[in-house]
Amino acid sequence: MASKTYTAGVKDYRETYWEPDYKIKDSDLLAVFKVTPQPGVDREEAAAAVAAESSTGTWTTVWTDLLTDLEHYKGRAYKVEDVPGDDEAFYAFIAYPIDLFEEGSIVNVFTSLVGNVFGFKAVRALRLEDVRFPLHFVMTCPGPPNGIQVERDKMNKYGRPLLGCTIKPKLGLSAKNYGRAVYECLRGGLDFTKDDENVNSQPFMRWRDRFEFVMEAIQKAEEETGERKGHYLNVTAPTPEEMYKRAEFAKELGAPIIMHDYITAGFCAHQGLANWCRDNGMLLHIHRAMHAVLDRNPNHGIHFRVLTKILRLMGGDQLHTGTVVGKLEGDRQSTLGWIDLLRKPYIEEDRSRGLFFDQDWGAMPGAFAVASGGIHVWHMPALLSIFGDDAVFQFGGGTLGHPWGNAAGAAANRVALEACVKARNEGRELEKEGKEILTEAAKSSPELKAAMETWKEIKFEFDTVDKLDTAHR
C-alpha cells in the first residue's frame, strides 16, 4: 500500500484562498465580483470559493497539488465590502498572478474569470464588476487597429464629433435601395452610414451586392461634397473564413472602414479581425449586440465596463457605449466612466463612476465612443456636453425619419452639430442653452427647423435598470 503523502478530503476554501493581508503586486490581475451567496455561506468562504474556482482550485484535495507551487499560482480573495443598499450581496476583491493567463488572450482570461465559477452552487448570483488589467498584460494585447488620431487623419475630420446614421429599416431593403439611402445620408452631410448589427447576407440583400452598391454611393457622395465618407460594412459571418473573405472584398473596393459584432461573433474571431485591420490599414467599427444579455442584470453577469476594457485590449476603433439620453440602457455616471476607459491613457479609481481600480493603458491608443439609439436633433447639445469631440453620434431614425427625406435629415443633424460646437467653443453652456442654440441655428436651416418640430415631443424617460450603487453616486 502506498504511503499517505497528503491529507485527502473536501477543501476548506477559506483556509487556502482567503488572504486579507495579501500585498497586491503591480503584475497582479485584479477583479471585483458582486457575490450573492447561498444562505448559510459566510462572506469569506464565498469569496475564497470564487477565488479558488476561477484559478487553481477544485472541490477536493488532489495529490498533484504536490507537483506545483500553489502559493505562486492561486487566486487570492483579499477583501470584501458591503454593497450599498443590498443586505445579501457583497463585493469580493480577488488578485490573480499574471502567470495564470496566456499573454494577449482575452479568451483565456474570461475562461477563468467568468467560466465554471458562474455555475458554482455556493453562490446564488455572481457578477464581474470590474477588472484591473496590469500593464504587463496590456502590453501583450494588440489594442485598437488605428486609434482616434489615426482615424481622424484617415477621414480628414477634426475639431468635432463625427456624424453617422444606421440605415433603416434595418432589414428588408434591396441592395440598390440600400445604396440609395446611403448616398442621400452622406450627401446631406453625414460622415458615416452604417449596417445594423443583424445585416449580414440575407436573401433580400446578399453581402457582395450591398458592398458594391454602398461603395458606389460613397464615391458619388465624396465627389459631390469634397469630403471623405465611409460606411460600416458589416463583415460578421458564420465562419472566420467567410468573415475574412468579406473583409478582403471591402478592401478591394476601397472601403475605409468595416464593422463587426464582437460579442455574437466571438472573441477569437474578433481579435483575429482586429489584427487583420491593423495589417491592412482598415478602420474597425464595433457593435455590442448581445451585451445586455451579459450586463443588464445588476446581480449576475458581466458589467459593461469590463466588456469595454476587453474590447480596447482586443482591438476596435469605435464602440457603441449608449447615449444616456436615448432609448437604450445607460446610467450617466457609469457611461462617463466607460467612455474614459475607452479613450484615456490612464484612469484613476472613481467609485462615483463605478471604477473600482486604476487602469493604465500605457501607449495603447484609445477608441471613439459611439452614441446611438433613439437620438435626434434635440439631443445634440447634451450629447456634445457628455461625450465631447472624440465620439460618433449616430442618428438612425433621427435622420431617415425626417419628413423631407434622408438628405434633409442628415443636413439637420450636421447644422445642429456645427451650431453646438460653435456655441461650445464660444464658452456657452450647452445643456442650459441648448434650446436657444438650436432655435437660432434653425432660422437659417429649414431642415433643422422641420426636424425640431417633428421630434419636439419625443422623450425616453424610463428609469435605468442597472444603476450605480447609491452610496457611490
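Even glycines carry a Cβ here, placed using N, Cα and C.
Keep in mind the model is a prediction, meaning the values are calculated, not measured.
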From Ser201, Ser352, Ser372, grab the residue that Swiss-Prot records in the same substrate site as Asn116, Thr166, Lys170, Arg288, His320.
-> Ser372
In three-state DSSP terms, Asn116 (substrate binding site) is classed as helix
Taking just the CA atoms, what is the gap between His287 (active site, proton acceptor) and His320 (substrate binding site) in Å?
-> 6
State the Cα to Cα distance, in Å, between Lys168 (active site, proton acceptor) and His320 (substrate binding site), rounded to an integer.
-> 18
Spatial neighbours of Lys194 (Mg(2+) binding site) among the binding-site residues Asn116, Thr166, Arg288, His320, Ser372 [C-alpha, 10 Å] = Thr166
Which Cβ among the binding-site residues (Asn116, Thr166, Ser372) has the fewest C-beta neighbours inside 10 Å?
-> Asn116
